[in-house]
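> One structure is given below, represented as structure tokens, and several questions about it will come after.
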């Protein structure tokens, strides 16, 4: 069991970016910068099987079109599992898009996208993933925006047997990120900067050899293990999705001409 108030020096490794990654406040704050040559990124030293993962992030302000700021969990290999939060920049005055996705055994294409109900460039906000054997919950400032349920009973894959590391990256994706790639990165505004702080990891350590059944937790730190949504949470989720969801793969019939994915026929709260 790992319950960490993440310290960058202790818990993370630099992936790429060199001097574009800066560690401040004795390892509690990390800034990533992006220029025309490269972005930056880091990953956790450990992998995890189930848990709750929280981080506070502040997005690059102004004209951030073409940039992508991420916080996600992922295993490795062609049949990997992944839980994604990607923040797609936009032109000055236009809203950021929070792009979410889930991969299970290499199968993705489960995107939902949201416009946030605040300006994520003005201050830090908390973004969270709760991942247990029953469901995955995406939260923003403690409010649920998405639930992805385990429907293995229907023969559908669910991430549960591969440990995942935490990743955070900041990079240029102007071929697709902003308005489908129509708006490109304006490098006259570079370098862009994104900030991360207050990582909290309450999770079970995993490894290639350790199955999820080996995860044991104590009663005072494992609320996430069976976490779902109560009536108030379900109402909050429905309201936020109704007001702020801008794309749902389960309504995208042109993307799935042979029929929508089977999980779309089942409750997603």
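Positions of Cβ are set from backbone N, Cα and C atoms, glycine also.
What TrEMBL records for this protein is below:
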ACT_SITE  82  active site, nucleophile
ACT_SITE  86  active site, proton donor
DOMAIN    2-196  domain 'GH16'
CARBOHYD  90  N-linked glycosylation site
> Mind giving me a neighbour count for the residue listed as 'active site, nucleophile'? Other Cβ atoms within 10 Å of its Cβ, every protein chain shown.
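Around the Cβ of the residue listed as 'active site, nucleophile', 18 other Cβ atoms lie within 10 Å.
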> At a 10 Å cut-off from the C-beta of the residue listed as 'N-linked glycosylation site', count the other C-beta atoms across all protein chains.
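Result for the residue listed as 'N-linked glycosylation site': 21 other Cβ atoms within 10 Å.
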> Rounded to a whole angstrom, what is the C-alpha distance between residue 90 (N-linked glycosylation site) and the residue listed as 'active site, nucleophile'?
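Counting only the Cα atoms, the answer is 25 Å.
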> Show which residues of the chain containing residue 86 (active site, proton donor), separated from it by at least 6 in sequence, have their CB under 8 Å from its CB.
68, 69, 70, 72, 98, 99, 100, 101
